[in-house]
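Visitor: Quick one: this structure, given as structure tokens, is what I'll be asking you about.
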Amino acid sequence: MTAIAAATVASTLAACGGGDDGGGSSSAEGGENEASDTGVTADSIKLGAHYPLTGVAAPGYSEIPTGVKAYFDCLNQEGGVYGRDIEFIFKDDAYNPSQTSQVTNELVLEEEIFAMMSGLGTPTHSAVVDFLNDEGVPDLFVSSGSLMWGDDPETYPMSFGWQTDYESEGKIIGEYIANEFPDAKVGLFLQDDDFGEDGESGIRQYIDDQIVAAERYTPGNTNVGPQIAALKAAGADFVVGFNVPSYTALSQLTALQLGYDPQWFYSNVGSDPNLVGGLLNRFSEGKVTDAALLDGALTTGYLPTVDMTDNPWITEFSRIWDECGGEGELTNYRVYGMSQAYTMTQALQAAGQNPTREGLVEAVEAVGSEWEGPVFAPFRYSEDSHMGTSGMTIERVVGNGSEEVQPVRITDIGDAEIEEFGGEAATPPANAIPDEEAYEG
Amino acid sequence: MSDLQSPASAAGKATDEAPTESTAGANAPSATAKAGRSFLPQSTLPRHLLVLALSAVFAVVLLEVSSPYQNSQIATLSYYAIAAGGLTVLTGMNGQISLGHGALMAAGAYTTALFLDADEPLPLPLILLASVVVATAVGALVGVAAARLHGPYLAGATLALAVGLPGLAIYFHDIFGGEQGMRVRAPQAPDAFESFIETVSGNAASSTKWLAYVGVICLLITYFFLANLVRSRIGRTWRAVRDQEVAAELAGINLGAWRVLAFVVSAAAAGLAGGVLAIVVRLAAPSGFTLVLSLALLTAIVIGGLGSLLGALLGSALLVFLPPFVTNLGADFGLNGTEAAQLAPFVYGVVLIVAMIFAPAGFVGTIRLRRMTAKAKRASAAQAKAAGSNGG
């Protein structure tokens, strides 16, 4: 990039009302915004996603798109990406794969989105992952910790994970227990699918000999009495749950009935104290009113949470939610959505002034591992891996918040070592809008 | 072809006894009664073949003038309509209620998924045929039990099937992939298909279009068979069992056997629908075959008109086209994405209630009922005028 080109383009862009969009990186291409690919026009980029907005999986998860949208709305007010507004369209699939397939057809064929981002759920998204890859639609930052999106880029070149995968999470939990609770008799409470399986295989790498029982529940069956009773009978005094929030509430209530009081450790997915507190209240018909039962339980974290009011990311996200969000409070699910939108903005900036679908994927592979943001640890993106972030803290639930008991440690799937993460926590740039350079290839 | 017409209906003498309202869709005016105005052949098979050919031409035109997204909606419509067609034969023609057709679809879908999972998959028609066979076998088992049950008891038994069968996929998760199901690699379109599309319209022969064609072909074949079956001696016997058990038994009809047959035919259609669903959705997972699917099929045939294939098609179309329409309408009126999404099930419920109040026999059934009433009035008026002195 020459200095002359940089100067001309900077002035052109300032005229578009952009100002600080993309900054110096915008100079790279030179020239005007073009409709460079499907879903991209001179002044907009269309992104799409599917979420359960109705039905059993809707509580909590339906808040994620509101966070994404609030972030993009504020970003658009500041000039968007290279002067383009981000248009974010999300559709309801009610957590039913056949509906995911229908709404994805609508997004790709009718709305003609540039890329899918943040499509939620393992069974739901696996119904469309082949279609998206066949059609060449970038499938970024799937909202699920399954390994499927990231460990095989040859089969799914367009798909990328985002959150810590369940296997890495299991490994970090396993190591922590081996170090801090070497005498604990550990019981596992697992969802009977990849979620529980991946978590179990990770945790067994470290404490296979400490595990006295592994009980599985089937999602949809609300009676977990047999499983909890079996954990109690096996003498487990430390229970690790790889389960969704409603089963955190169910396991707590069942344990209360059985007079069973082990040390609980819930994986990140199932541990949001606000949501679990609400569910406890509902399931117990008002007999348990908040998440006090969860007090003292351990969990993991890869993102700042709303109770960390002095975290600069949370401060920025609160401001964004107040300015561009809708009704209600900033929740952890909205923080999750905003963080994904932040990463997406980094990806679009890196894809350059006139992005193409292939260019976007190339840029994420090439420079995605260098991005800093609200996520504690770096992403693992490369040509050989499309896995998301790899690091997690261990936290203890206190009231509706949590306190850190072990700083971020990072690892990878398989037999990769667990290491301490040496990096500093990133601080948000001005207005929480990233400024990534265009990747030149 | 899409009409399950009953030649033995009471069209000519409807004044004696009011037709059963709920199944009015199944009791169309007979062909002979219509023959004066109809340009279609009177004989069943040629008439259905003609309608089949016309429908096929219409389907090709529809698929070629519509957008790729509408193609995908038509593919979705086809699997709902195939299953609803089978169910409407069972419920409208034979008077049995099934809340378990979602599970029978699951049987077909998993069969297709397993066969397509092979290294060298069989040709697609054979795989779909296998899905039909498996679902038929399951249907026969259930049918044997169902033949002894009536009304709410039958509903309860089939409900258990709907809840229980998808659970098997979770229990045997090594074979069926558990909760996240089996991903299905949609079969590639043959070269002949591409050249066909090239000649017909010059559109791109995408995989979406291919799946839509597979769905529509299956739909047409199913409806052709069902329409013929219903117009045959089998259909007449089913209706006899439905309307008057005692009279049917006196006439030498083995009630149980005929009920099982109806269930088996209906299950076969559900199996094919499941197979089509698996390749269109590209996944067979328990969460795709919840009770909601079975209930959606039932509402589709009720709204469309029990016993009418055209009604089943219309009801399925409502299932497929109404939710996105309402969601987009809601978004246009300024609702946010979540509110607009929540509007769709609400409007569907309202449509169902309004249909029950104002058109209790469904779309097709209500229109037929009106026509039959009008005709009966004309007939009785003419009768009264001509033969008033005889006390007619």
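Every residue gets a Cβ built from N, Cα and C, even glycine.
TrEMBL entries are annotated by machine, without manual review.
Relevant sequence annotations retrieved from TrEMBL are reproduced here:
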- B:1-30: region 'Disordered' (REGION)
- B:48-65: transmembrane segment (TRANSMEM)
- B:77-97: transmembrane segment (TRANSMEM)
- B:124-146: transmembrane segment (TRANSMEM)
- B:153-172: transmembrane segment (TRANSMEM)
- B:210-230: transmembrane segment (TRANSMEM)
- B:260-281: transmembrane segment (TRANSMEM)
- B:287-304: transmembrane segment (TRANSMEM)
- B:309-326: transmembrane segment (TRANSMEM)
- B:346-369: transmembrane segment (TRANSMEM)
Visitor: Within the same chain, where does the transmembrane segment (B:260-281) have neighbours whose Cβ lies under 8 angstroms from its own Cβ atoms, ignoring anything closer than 6 residues to its ends? I mean 6 or more beyond.
Guide: 72, 75-76, 78-80, 82-83, 85-87, 89-90, 93-94, 96, 98, 101, 104-113, 116, 124, 127-128, 131-136, 138-140, 142-144, 146-147, 184, 186-187, 211, 214-215, 218, 222, 226, 229, 234, 238, 288
Visitor: In the same chain, which residue numbers or ranges, 6 or more beyond the ends of the transmembrane segment (B:48-65), come under 8 angstroms Cβ to Cβ?
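Guide: The answer is 1-2, 40-41, 71, 74, 197, 200-201, 203, 209, 212-213, 216, 220, 224, 227-228, 231.
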Visitor: Of the listed stretches B:77-97, B:124-146, B:153-172, which one has the most C-beta pairs under 8 A with the transmembrane segment (B:287-304)?
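Guide: Maximum Cβ contact count belongs to B:77-97.
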Visitor: Let me spell it out: take the transmembrane segment (B:77-97), skip the flanking residues so only those 6+ beyond its ends count, and list any with a Cβ under 8 Å from a Cβ in it.
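Guide: Result: 4, 23, 25-26, 104-105, 146, 151, 154-155, 158, 212, 215-216, 218-219, 222-223, 226, 229-230, 235, 238-239, 241-243, 258-259, 262-263, 265-270, 272-274, 276-277, 280, 296-298, 300-301, 304-309, 311-313, 315-317, 319-321.
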Visitor: Which sequence positions outside the transmembrane segment (B:153-172), separated from its termini by at least 6 residues, show Cβ-Cβ distances below 8 Å to it?
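Guide: For the transmembrane segment (B:153-172), the far contacts come to 96-104, 106-107, 110, 138, 142, 145-146, 178-179, 181, 284-286, 289-291, 294.
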